[in-house]
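For reference, the structure is listed below as C-alpha coordinates.
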Amino acid sequence: MTIERTFSIVKPDAVKRNLIGAIYRRIEKTGMQVVAAKMLSLTKEQAQGFYAEHEGKEFFDALVEYMTSGPVMVQVLEGESVITRYRELMGKTNPDEAACGSLRSDYAISMRYNSVHGSDSPESAAREIAYFFVEDEICPRPAE
(Lines of atoms letter the chains of each structure in order from A and count residues from 1; the text may use other names and numbers.)
(Lines give C-alpha, C1' and ligand atoms only; values in the text may rest on other atoms or scores of the structure.)
Protein backbone atom coordinates (compact mmCIF):
# COMPACT_ATOMS: atom_id res chain seq x y z
CA MET A 1 0.00 0.00 0.00
CA THR A 2 1.56 3.27 -1.14
CA ILE A 3 0.35 6.35 0.70
CA GLU A 4 0.79 9.53 -1.31
CA ARG A 5 -0.19 13.18 -1.09
CA THR A 6 -1.94 15.48 -3.49
CA PHE A 7 -2.86 19.15 -3.54
CA SER A 8 -6.41 20.41 -3.80
CA ILE A 9 -8.12 23.78 -4.09
CA VAL A 10 -11.74 24.58 -3.38
CA LYS A 11 -12.06 27.48 -5.81
CA PRO A 12 -13.78 30.87 -5.28
CA ASP A 13 -17.12 29.89 -6.83
CA ALA A 14 -17.48 26.93 -4.46
CA VAL A 15 -16.33 28.89 -1.39
CA LYS A 16 -18.83 31.65 -2.23
CA ARG A 17 -21.64 29.05 -2.39
CA ASN A 18 -20.66 27.53 0.99
CA LEU A 19 -19.65 24.18 -0.51
CA ILE A 20 -16.45 23.65 1.51
CA GLY A 21 -18.07 21.25 3.97
CA ALA A 22 -19.90 19.32 1.25
CA ILE A 23 -16.66 18.89 -0.72
CA TYR A 24 -14.70 17.85 2.39
CA ARG A 25 -17.41 15.30 3.27
CA ARG A 26 -17.12 13.77 -0.20
CA ILE A 27 -13.31 13.64 0.09
CA GLU A 28 -13.42 11.98 3.51
CA LYS A 29 -16.25 9.61 2.53
CA THR A 30 -13.90 8.07 -0.07
CA GLY A 31 -11.23 7.41 2.57
CA MET A 32 -8.92 10.29 1.66
CA GLN A 33 -7.72 12.44 4.55
CA VAL A 34 -7.26 16.21 4.75
CA VAL A 35 -3.84 16.58 6.43
CA ALA A 36 -3.41 20.35 5.95
CA ALA A 37 -5.79 23.16 5.05
CA LYS A 38 -6.03 26.93 5.03
CA MET A 39 -8.23 29.64 3.60
CA LEU A 40 -6.47 32.27 1.51
CA SER A 41 -7.24 35.25 -0.64
CA LEU A 42 -4.72 34.82 -3.44
CA THR A 43 -2.86 37.86 -4.67
CA LYS A 44 -2.45 38.36 -8.39
CA GLU A 45 1.23 37.43 -8.02
CA GLN A 46 0.43 34.21 -6.13
CA ALA A 47 -2.12 33.15 -8.74
CA GLN A 48 0.24 33.99 -11.62
CA GLY A 49 3.04 32.02 -9.96
CA PHE A 50 0.87 29.02 -9.21
CA TYR A 51 -0.47 28.88 -12.78
CA ALA A 52 2.84 29.90 -14.44
CA GLU A 53 2.69 26.86 -16.76
CA HIS A 54 -0.36 28.45 -18.43
CA GLU A 55 1.19 31.90 -18.92
CA GLY A 56 0.76 33.04 -22.52
CA LYS A 57 -2.36 30.92 -23.08
CA GLU A 58 -5.53 32.77 -23.99
CA PHE A 59 -7.32 31.83 -20.75
CA PHE A 60 -4.46 32.82 -18.40
CA ASP A 61 -5.63 36.34 -17.49
CA ALA A 62 -9.22 35.18 -16.91
CA LEU A 63 -7.94 32.30 -14.75
CA VAL A 64 -5.86 34.66 -12.59
CA GLU A 65 -8.82 37.07 -12.30
CA TYR A 66 -11.12 34.23 -11.25
CA MET A 67 -8.69 32.76 -8.71
CA THR A 68 -8.26 36.19 -7.08
CA SER A 69 -12.01 36.99 -7.08
CA GLY A 70 -12.58 35.58 -3.59
CA PRO A 71 -11.18 33.29 -0.93
CA VAL A 72 -10.05 29.75 -1.73
CA MET A 73 -9.40 26.73 0.46
CA VAL A 74 -6.08 25.02 -0.22
CA GLN A 75 -5.47 21.59 1.23
CA VAL A 76 -3.20 18.60 1.19
CA LEU A 77 -4.90 15.23 0.87
CA GLU A 78 -3.31 11.95 1.83
CA GLY A 79 -4.20 8.36 1.08
CA GLU A 80 -3.58 5.34 -1.08
CA SER A 81 -3.37 6.34 -4.78
CA VAL A 82 -4.78 9.71 -3.71
CA ILE A 83 -3.77 11.60 -6.88
CA THR A 84 -5.75 9.28 -9.14
CA ARG A 85 -8.62 8.85 -6.70
CA TYR A 86 -9.06 12.60 -6.14
CA ARG A 87 -8.97 13.29 -9.89
CA GLU A 88 -11.70 10.68 -10.35
CA LEU A 89 -13.75 12.31 -7.58
CA MET A 90 -13.31 15.75 -9.20
CA GLY A 91 -14.38 14.62 -12.67
CA LYS A 92 -13.37 16.15 -15.99
CA THR A 93 -12.57 19.87 -16.18
CA ASN A 94 -15.67 20.49 -18.28
CA PRO A 95 -18.61 19.74 -15.97
CA ASP A 96 -20.75 18.77 -18.98
CA GLU A 97 -18.31 15.89 -19.58
CA ALA A 98 -17.74 15.03 -15.90
CA ALA A 99 -19.03 11.70 -14.62
CA CYS A 100 -22.36 11.83 -12.83
CA GLY A 101 -21.74 12.08 -9.10
CA SER A 102 -18.33 13.75 -9.46
CA LEU A 103 -17.61 17.04 -7.70
CA ARG A 104 -17.63 19.00 -10.95
CA SER A 105 -20.79 17.33 -12.21
CA ASP A 106 -22.54 18.19 -8.95
CA TYR A 107 -21.06 21.60 -8.09
CA ALA A 108 -19.35 23.29 -11.07
CA ILE A 109 -21.13 26.19 -12.74
CA SER A 110 -19.12 26.05 -15.97
CA MET A 111 -15.75 25.02 -17.35
CA ARG A 112 -14.30 28.29 -16.01
CA TYR A 113 -16.08 28.10 -12.64
CA ASN A 114 -15.39 24.42 -12.06
CA SER A 115 -15.19 24.53 -8.24
CA VAL A 116 -12.08 22.41 -7.56
CA HIS A 117 -8.46 21.81 -8.57
CA GLY A 118 -6.31 18.75 -8.02
CA SER A 119 -2.73 17.87 -8.90
CA ASP A 120 -2.32 15.74 -12.03
CA SER A 121 0.93 13.94 -11.15
CA PRO A 122 3.27 13.25 -8.22
CA GLU A 123 5.61 15.97 -9.53
CA SER A 124 2.80 18.54 -9.73
CA ALA A 125 1.56 17.52 -6.29
CA ALA A 126 4.99 18.06 -4.72
CA ARG A 127 5.40 21.46 -6.41
CA GLU A 128 1.88 22.64 -5.61
CA ILE A 129 2.02 21.50 -1.97
CA ALA A 130 5.36 23.28 -1.49
CA TYR A 131 3.91 26.45 -3.06
CA PHE A 132 1.42 26.85 -0.20
CA PHE A 133 2.65 24.71 2.72
CA VAL A 134 5.82 24.04 4.68
CA GLU A 135 6.29 20.47 5.89
CA ASP A 136 5.50 21.17 9.54
CA GLU A 137 2.06 22.53 8.56
CA ILE A 138 1.15 19.04 7.29
CA CYS A 139 -0.21 16.72 9.98
CA PRO A 140 -0.41 13.07 8.87
CA ARG A 141 -3.26 11.23 10.54
CA PRO A 142 -3.07 7.59 11.58
CA ALA A 143 -5.07 5.20 9.46
CA GLU A 144 -8.08 3.66 11.14
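Any Cβ shown, glycine's included, is placed from N, Cα and C.
Features as listed in Swiss-Prot:
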BINDING   LYS11, PHE59, ARG87, THR93, ARG104, ASN114  ATP binding site
ACT_SITE  HIS117  active site, pros-phosphohistidine intermediate
Alpha-carbon distance [the residue listed as 'active site, pros-phosphohistidine intermediate'; THR93 (ATP binding site)] in Å: 9
Sparsest-packed among the binding-site residues, when each Cβ's other Cβ atoms within 10 Å are tallied, from LYS11, ARG87: ARG87
Least surrounded among the recorded positions, given as ARG104, HIS117, when other CB atoms within 10 Å are counted: HIS117
Least surrounded among the binding-site residues, given as THR93, ASN114, when other CB atoms within 10 Å are counted: THR93
Neighbouring C-beta atoms (10 Å sphere around the C-beta of PHE59 (ATP binding site)): 12
Spatial separation of HIS117 (active site, pros-phosphohistidine intermediate) from PHE59 (ATP binding site) - C-alpha basis, Å: 16
